[in-house]
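Novice: Feature table excerpt (TrEMBL):
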type	residues	note
BINDING	HIS221, HIS354	protein binding site
BINDING	ASP238, ASP249, GLU411	Zn(2+) 3 binding site
BINDING	ASP249, HIS347, GLU380, GLU411	Zn(2+) 4 binding site
DOMAIN	11-68	domain 'C6H2-type'
REGION	103-149	region 'Disordered'
Amino acid sequence: MTDTCPVVTDGYVCSNPNCESDEKNNATLTCPNCQKLPLQNAYFCSQTCFKAAWSEHKKIHKLGKQLQAAQAAKLLEERKGQEIPPELRQTLPDWARNYRFSGTLRPAQQSPRRSIPSHIPRPDYATHPSGISHSEQSDKTSGKSIKSYSGEELERVKHACKMGREVLDLAGKALRVGVTCDEIDRVVHEACIERSCYPSPLNYYQFPKSVCTSVNEVICHGIPDYYEVKDGDIVNIDVTTYVGGCHGDLNETFMVGNVDAEGEREPKRGCVSGRNIFRHYSFSNTARFARSLTPSPGQKLVACAFECLQSALAQCKPGTLYRDLGNKITKVAKSHNCSVVKTYCGHGIGSLFHTSPNVPHYAKNKAKGVMAPGHVFTVEPMINLGSWEDITWDDNWTAVTGDGSRSAQFEHTVVITETGCDILTARDDEPVMVWDASKNQR
């Protein structure tokens, strides 16, 4: 039964087919739901008639909503490539209208694709009509070993990573309740251009935006749209910049507003101090810091994802098997009753967006390769509160948890050194890989 009441109007014939009232031809109450839809108004002579006819009358509303959606779709098609009117921005895309979602998040409309000034160098896929990277495809079939970077070429990779860090920090500062994911895309896009960088995701196999924004149950590859960030959301922002012929890739998950905000306490006395952990990793036993907190589910998930990356990077040094990182990550995730996504992996990066090595995050994987000085790659474990299984929305990009549970992720690009690894996407002005919830609270 509707929770609204009919509206009083001038007299009409009662829409209840079984009405026997003397006022049948003087109905003055109109259905409020019909008024909101592209339907002819329905009138009733009394509240009693309205309630009696409701079970059948409400079926008309379903048809009205379908008509409303069709009209919106027609208008959007007519305005394709143009700015979308505010009143239509929250409507579902065509593919989503009858889609069965695993969680509560729903996509919204997308703004037109943003352009890149002609003076900014771009990767090969940027101008390909299908976004295909022929250089990556050639690399896959060449059978070459993992590339080692050094000298001037490594410096260019470091610069791309530094630019990526600056862009992500700006995007993180822009995130708050009420901001749209499209606004985050705008911030990233403009920040890249200001630094003479190309936003690597743009047109990569036709990805339509300059950054990935993954909210709540979205694991990765969320397409920025007009979704308005809500209090309690967790939002991952994944930035990759291309400059000087090289890519730099990183991401962080932010907690917006009150994310399951009960049950926190201070770190235990004696836990690892942030001042003792630096960007150069040639140490051991740093993982217990995140476990010194006892947050509730949402915060616990984000802290767990951070610790999973932290524990993996602590293993990165010459001689480590790439496949062994997944064992460490899975052990940490299981200790927090979380699961590790198996579909998506870390990857080599540098002159190519994605190349060898392949870096799975789950246990007992069969990844090939041994870490050696000069290897540059990402580690980016995706951690779920529920099952590890994922599905992809019919936009062909957005990966979500199969059970609708939330997912969190952190990512760094690293280079193997003679004694450990350097995190190329770390902040310059602070130690990293020490969990501090305030840094990711918005």
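Keep in mind that glycine also has a Cβ here, set from the backbone N, Cα and C atoms.
TrEMBL annotations: computationally assigned, not manually curated.
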Novice: Round to a whole number and give the Cα-to-Cα distance in Å for the pair GLU411 (Zn(2+) 3 binding site) and GLU380 (Zn(2+) 4 binding site).
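Specialist: Pair distance, Cα basis, whole Å: 4 Å.
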Novice: What binding-site residues in the list ASP238, HIS347, GLU380 lie within 10 angstroms of HIS354 (protein binding site), counting C-alpha atoms?
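Specialist: Those near HIS354 (protein binding site) - Cα within 10 Å - are HIS347, in sequence order.
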Novice: Can you name every residue in this chain, apart from ASP238, ASP249, GLU411, with its Cβ inside 8 Å of the center of the Cβ atoms of the recorded Zn(2+) 3 site?
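Specialist: The answer, listed by sequence position, is CYS212, VAL239, THR240, LEU250, ASN251, THR378, GLU380, THR413.
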Novice: Within 10 Å of HIS221 (protein binding site) by C-alpha distance: pick out those among the binding-site residues ASP238, ASP249, HIS347, GLU380, and say none if nothing qualifies.
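Specialist: Checking each Cα against HIS221 (protein binding site), the hits are ASP238.
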Novice: Could you please provide the mean pLDDT value for the domain 'C6H2-type' (11-68)?
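Specialist: Mean pLDDT, the domain 'C6H2-type' (11-68): 82.
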Novice: Quick check on the binding-site residues: of ASP238, ASP249, whose CB has the lowest count of neighbouring CB atoms inside 10 Å?
Specialist: ASP238
Novice: According to DSSP, which kind of secondary structure is GLU411 (Zn(2+) 3 binding site) found in, if we only use helix, strand and coil?
Specialist: strand
Novice: Whole-number Å distance between the CA of ASP249 (Zn(2+) 3 binding site) and the CA of GLU380 (Zn(2+) 4 binding site)?
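Specialist: Here the two Cα atoms lie 10 Å apart.
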Novice: Including all protein chains shown, what's the count of other C-beta atoms within 10 A of the C-beta of GLU411 (Zn(2+) 3 binding site)?
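Specialist: The answer is 24.
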Novice: Round to the nearest Å and give the CA-to-CA distance linking GLU380 (Zn(2+) 4 binding site) with ASP238 (Zn(2+) 3 binding site).
Specialist: 10
